[in-house]
Amino acid sequence: MTRETLLTFAIRFGFLILLFCMVIYFSLSANGFASPRSAAFILQSVAITGILALGVTCTLVVDGFDLSIGSVATSALMLSAYAMVILEMSAVTAVLLCLLMGAIVGLINGLLIVKFKVPDLLATLGMMFLLIGLQRIPTQGNSIATGMKLPDGSAAEGAFSAAFLWLGRHRFDLFVEKLVPVPVVIFLITAVVIWVFLELTRHGRLMYAIGSNERAAALVGTNVNRYKIAAYMISGVTASIGGILLAARLGRGDIASGNNLLLDSVAAALIGFAVLGAARANAFGTAIGALFVGILLQGLTMMNAPYYTQDFVKGAVLVLALVFTFYLSAKRSAGGKT
Amino acid sequence: MKTCEIIGLKKSFGGNHVLRGIDMHLSAGEVVVLMGANGAGKSTLVKVLCGFHGHDAGTMHLDGVAYLPTDAANAISHGVVTVHQSIDDGVIPDLDVATNLMLNRLTEPGAGVLVRDGALRRAAQKVADNMGLTMDVRTKVADLSVADRQMIAIARAMAYEPKVLILDEPTSSLSASEADRLFSLVDRLRGQGVAILYISHRMSDIRRIADRIVCMRDGEISGMFEQSPLDYDGAVTAMLGHSMTDVDIGVQDGGQPILEIDTLALSRGSAPVSFSARDGEIIAITGLLGSGKSELAEIIFGLQRPKAGQMRIAGRAYAPQNAAQAVAAGVFMSFKDRSTNAVIPDFDIANNMTLPFLRLFSRATVLKGRSQRQAAQDMIRRLGIVCQSDDDGIGTLSGGNQQKVMIGRWLLKGCRVLLLDEPFQGVDIGARRDIGAHIRETAKGRATLVFVAELDEALEIADRIIVLNEGTIAGQHQNRNVDMEALIAQVSGTSGAQPRVNA
C-alpha cells in the first residue's frame, strides 16, 4: 500500500477501527461489558445528548452553530413539568407545547441570524442566556414537583401522567425482557430521519451546498435564508425532544439537571466530522460520535476509573477527532464523493 | 535612468504558464501604466515584484543590483512598495490616522514597548503634510471616505521611502473627484522621483496619468507605447487582441424577439439602454471595467433593480426580485469568478452540475442519485469534460474543466434567456472552443447573452456584438466583417458622443 492510499484509508476508517478495538478491549478486560444490559445502558446514556447533537448537526451543515440547544432542552424540561404539575394539562398537550416552544426558539434564532445579521454564535449565546433565565421565572427559581407550594399558598395538585413517564422509563423487550428504553428508540428514529433528510433529499443537499458556498447556492436560486431558518428550527425541535425525554426520566422539573447537555452534544457532532473521513457535519458521524463517548465512559467506569475523569476523557477524544478531521483531511487533495 | 529592470521573467503554477517571459523597466519619476484584461498575468507580475511569489526564470534588478525578494517585508526593505487593490488590506480601520501612518514604525525592531502618542502624532502630522493630506490625524480611519483611506494607504507606503511604488487598480472604488485627488498625489510622487507602476484598465485614468503604457496579454507583453501622444486605441487593441481567429461561425439573425430591454437605466444618470435579443441569437456584450456590463447582467438576473425602464420576456413584463424568480422565469446565469460565485467545493461533479435543478432529479424530495449521475455523465460527454468519473471532487479538475461543469449546469434544462458572464475566464483555448461550440449548437429556443471583455472571445461566439461604455450602448455590430477600428474606438470611448451603429 502506498503512503497515499494508506492515508486515505486511515482517514476513512481510522475512527471506526478505533471504536471497534475499544469495544474488543473493554469486552475482554471489563467483566460484563459485552452484555445486552450494558449495551442498553450505553445507548440510554447517550440517547438524549445524541438527539440534541443531531439537531446541532443540521445547523453545522449550513455553516451555522446553535449554542442554545442545552437551554432549549432544560426549558422543555421545565415547561413540561409546569404544564402538567401546575397547569394540570395532559401529557399530549405538554409534549406538543414543548415541541412548539422548540420550533419558536429555532425560528427566533434563525431570524436573528438571517434578518438581523447577528453572528450565529452570538445570537444563540444570547438565546441561551435568555432561556436559562426565563425558565426560572414562573417558579421563582424552584424545581417543580407534585405537592410543591405555589406562590398563592396552595399546593400544586397536578402530576406527571403515566403516559408521559412512559416516554422516559418504559423498556421494550428485545432478546432480554425490558431491555431497550423508549429514549433509545427515539434517538435511533431521529438519527435515521435526520440522516435521510441530510443525505438523500434535495433539501439536505441544498443545505450542504449553502454550508460549502453560500453565495453560489444563492445564485442558482436557492432561498438561503429559508433553509438556514429551517436548520435552526430543526435544532430547536430536537432539543425540545431531548428535554421532554429528560423530564420523563426524572419525573420532576429539576432546575439543576441538563448542565452538560450542550457541551456533550456539540462534542458528539464535532467528533462526527472524523467518522468516515467526512470532514464535515453528518448525521451518521454524529450518532457514532455520541456512541463513541458513551462506550468509552462506560468501559472506563466498569474498569473503576473515577467519575471525575469523565470530562477529561471526553475532551481528549474531541481533540483527537478534530486533529483527525482537520490535519489529516487537509493533507488529502480537495473534493470527494457528494 | 532605469530604477527597476525585469528581463525574461517567467512564472507558472503547475502546468499553467502565467508569465511567459516579461521584459520591462521602470524609471525614476515616470508613471508606467500596465494594462491587461482579467487573467493576462498582471496580478501575478505584481505579486512577483512585491515578493509574494517567487519566479521560475529571468532576472530583476533594482538600480543595477540583482533583486530577489524573499517575502513581502523583504521587498519593502528593498524599496519596492505595493498598494493593493482592496483598500482595507492597506489600512486598519479601527485605529486613527496617526497610528495607521506610523504603523511601520511600531513594528520596527528597537521600537519602544510603550507608544508615545504625542510623538507619534507629530511624526504622523509631518507625513500627512508632506503628502498634502488635510484631515485631522486623530480621526478614526473607519470614519473616512474610501478615497481618504486610499490616500492613507499610499501615504503609509511612502513612509518606507520607496524607489518603486506599485498601485494596483487604485481608482476601482473611487468617484471621479476622489480619483482626481489621487492623481494629484501621484503627480507629486512622480515629482519626487519615484518610479511608479500603475495598474489599471480604466481609460480615463490612463489618459490622465500615463507617461508610458505597457500592455499584457496571455502572460506576455503585447505592446509598449511611449511616443507622445500615446496611442490609446493601439493600447486597447494590444490588451484585448483581435487577431482574427479561425473560428468559422454562421451568423444567425435570430427569430422572434425573446428578451426585450426597454430604456433600461443601468446606473443613475446614464443614458437608457434598449435592445432585444432574439430566439437562437447569441449577443456578446462587451466593454471595459465600469462600462455597465455587470450591472446589466445583474439586473436581468434580478440581483439589482434598474434605475428606470423595463424588461419583457416573450412580450410579457419581467421584473425579477431575486435569482430564484429569474430562474423560475427561465432566465439562467452562469457567473464570472466561479470559485466565489459558482463552485461548491465540497461537492463532486454530478452534484455541482445538477445543483440548480435538484427538483428535477428527485421524487417527493428524495434525490434520484442515478438520474442525477446520468444527466451529469451525459453533459460530461457533450462538453468533453476531462475527468475520471462524475463523482470526482470538483477541486480535482483543472480550471477549464471546472468552468465547463459550471456552464453545463445551466444547459441541463432548456431556458428562455441564458446569461454567461465571462464564460472563458481562466480557461485555455481548447476548453474555450468546446464551450463556445456547444453554446452555439444549443442556441435554438433561447436568447443568449455573453458578457466578455476580450474582443476575440466576442468575435468567436456572437452573432451580434453590443459595446457598452459609461453605462450605455456605444455601438452595435453584426458579426460579419466587423469594422475593428470602430469597435475598438467604441470600447475605449474615443468614438465621440454619437453611438455608431454598424449593422
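Yeah, the Cβs are placed from backbone N, Cα and C, and that goes for glycine too.
Note that TrEMBL annotation is computational and uncurated.
If you look up TrEMBL, you'll see A:6-28 (among others) marked as transmembrane segment.
Distant neighbours of the transmembrane segment (A:40-62): 69-70, 73, 120, 171, 179-181, 183-184, 186-187, 190-191, 194, 198, 204, 207-208, 210-211, 227-228, 231-232, 234-239, 241-242, 245-246, 260-262, 264-266, 268-269, 272, 280-283, 286-287, 289-291, 293-295, 297-298; these residues of the same chain sit at least 6 beyond its ends, with a Cβ under 8 Å from one of its Cβ atoms. What TrEMBL records for A:40-62 (among others) is transmembrane segment.
Cβ atoms under 8 Å from those of the transmembrane segment (A:68-87) belong to residues 48, 52, 55-56, 93-95, 97-98, 101-102, 105, 109, 124-125, 127-129, 131-132, 134-136, 138-139, 144-146, 148, 150, 156, 158-161, 164, 235-236, 238-244, 246-248, 250, 252-255, 257-259, 261-263, 265 of the same chain, restricted to positions at least 6 beyond its ends. Taken from TrEMBL, the feature transmembrane segment covers A:68-87 (among others).
Sequence-remote contacts of a segment are chain residues at least 6 beyond its ends whose Cβ falls under 8 Å from one of its Cβ atoms, and for the transmembrane segment (A:94-115) they are 64, 66, 68, 72, 75-76, 79-80, 83-84, 123-124, 126-127, 131, 164, 167, 224-225, 228-241, 243-244. The transmembrane segment annotation in TrEMBL covers A:94-115 (among others).
Positions annotated as transmembrane segment by TrEMBL: A:121-139 (among others). Cβ atoms under 8 Å from those of the transmembrane segment (A:121-139) belong to residues 65-68, 70-72, 74-75, 78-79, 82, 86, 105, 108-109, 112-113, 232, 253, 255, 262 of the same chain, restricted to positions at least 6 beyond its ends.
Under the heading transmembrane segment, TrEMBL lists A:179-198 (among others).
Sequence annotations record features per position, and here TrEMBL assigns transmembrane segment to A:229-248 (among others).
What TrEMBL records for A:260-277 (among others) is transmembrane segment. For the transmembrane segment (A:260-277), the residues of the chain that approach it from at least six positions outside its boundaries are 8, 11-16, 46, 48-50, 52-57, 60, 67, 69-71, 73-74, 128, 242, 283-290, 292-293, 314, 317-318, 321-322, 324-325, 328-329, 332, judged by C-beta separation under 8 angstroms.
Cβ atoms under 8 Å from those of the transmembrane segment (A:283-300) belong to residues 15-16, 19, 22-23, 25-26, 30, 33, 38, 41-43, 45-46, 49-50, 53-54, 57, 187, 191, 194-195, 197-199, 264-265, 267-276, 309-310, 313-314, 317, 321 of the same chain, restricted to positions at least 6 beyond its ends. For A:283-300 (among others), the entry in TrEMBL reads transmembrane segment.
The transmembrane segment feature in TrEMBL is assigned to A:312-330 (among others).
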Are there three or more C-beta pairs under 8 angstroms joining the transmembrane segment (A:312-330) and the transmembrane segment (A:6-28), sequence spacing 6 or more?
yes
